[in-house]
Amino acid sequence: MEPYSALLAVTILCLTSTMGVSGDCSTNISPKKGLDKAKYFSGTWYVTHYLDKDPQVTDPYCSSFTPKESGGTVKEALYHFNSKKKTSFYNIGEGKLGSSGVQYTAKYNTVDKKRKEIEPADPKDSYTLTVLEADDSSALVHICLREGPKDLGDLYTVLSHQKTGEPSATVKNAVAQAGLKLNDFVDTKTLSCTYDDQFTSM
């Protein structure tokens, strides 16, 4: 269970082994139409804010990832840091890009910091990432985590190419349009985050 729940992604990006989310994911989530996908597939993203819509017990976490797309296939290098336990997790995700907007369902394997596989992808577990907005500096994404047929709940993340900071006005507007309040998100600048930029930039 821990390698699965270590994913967050986000893209791409899960919480931690104690994230405890439950409940169905929202069914009305759609990617932004007409979004230039190059705005999203543009280097390493850092999760600067996140909102778990149905938490039970959630450890604070930090996450970064680099998504790349080629021929309709998305691959991600994902790094996660549990700031309470001071533990790190590494994953590689892969999935197919949908035909409308930037949305993909991916499976992931667990690797070490040199990308050597520790545990292969479980075909029953996956995450669906939907890009709601993205510009040159920040993005808003929705993530639905699944363990087998069970949804683990909605997760919204605000991404930036900087490790800390506020999202752009465009992304702030997208947060509001989604019926969310940025003040309800966890701001990761308070978590003493560490990152492995060498892993995500490989």
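The count begins at 1 with the first shown residue.
Cβ atoms here come from the backbone N, Cα and C positions, even for glycine.
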TODO: Regarding the disulphide bond with Cys144, report which of Cys14, Cys25 Swiss-Prot records as its partner.
DONE: Cys25
- [ ] Please name the cysteine among Cys14, Cys193 that Swiss-Prot pairs with Cys62 through a disulfide bond.
- [x] Cys193
TODO: Let me know how many other Cβ atoms fall within 10 Å of the Cβ of Cys62 (disulfide bond).
DONE: 23
- [ ] Between the Cα atoms of His80 (heme binding site) and Cys62 (disulfide bond), find the distance and write it as a whole number of Å.
- [x] 6
Open item on the list: Under 8 Å between C-beta atoms and at least six apart in sequence, can you list the same-chain neighbours of Cys193 (disulfide bond), or say none if there are none?
Closed with: Cys62, Phe81, Ser83, Lys163
